[in-house]
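Presented below is the structure to which this report refers.
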Amino acid sequence: MDLPGPIHDFLLVFLGSGLILGSLGVVLLTNPIYSAFSLGLVLVCISLFYILSNSHFVAAAQLLIYVGAINILILFAVMFMNGSEYYKDLNLWTVGDGITSLVCTSILVSLMTTILDTSWYGIIWTTKSNQIIEQDLIGNSQQIGIHLSTDFFLPFELISIILLVALIGAIAVARQ
């Protein structure tokens, strides 16, 4: 959107604070229904960030897929679960939780140091042909496809790995 500078900056700060507060709500709230609503707030804020950066197609896809489908599915799953099982065990930290948090923290630190120390400009993931001129493309969806397969190949693959890990975690939780 073409907004004046102060309004654009205010919206960025407002959406950023909504994103941070919503993500803290997802992690820190003990009631899973409230956590799911906080996740919906986070996803809506991300969609509004896309609107501010003139990516209307991605914003609509974000709203339809994540907020409209996945977050509602999470809410239904949480509401159909027995709520009393969340409050039976008051022991917050076990040995397994401590080991898991230590392993996850070490993986996070190693990933952050690797990402920050890598010179990403020297890595050529795919060859971009010179015949593709972005101004001649018909719509935003073609530009998104080209950027996902060339410029944003690494983040796209990292997101697919994160989704795969989340799917495996959901299966493990469902088996318990």
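For all residues, glycine too, the Cβ spot is worked out from N, Cα and C.
Copied over from Swiss-Prot, here are the features:
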- 10-30: transmembrane segment (TRANSMEM)
- 32-52: transmembrane segment (TRANSMEM)
- 61-81: transmembrane segment (TRANSMEM)
- 92-112: transmembrane segment (TRANSMEM)
- 152-172: transmembrane segment (TRANSMEM)
Is the number of Cβ-Cβ pairs under 8 Å between the transmembrane segment (61-81) and the transmembrane segment (32-52) three or more, considering only pairs separated by 6 or more positions? yes
Long-range environment of the transmembrane segment (32-52) - Cβ separation under 8 angstroms, sequence gap at least 6: 1, 3, 8, 11-12, 15, 18-19, 21-26, 58-59, 62-63, 66-67, 71, 74-75, 78-79, 81, 86
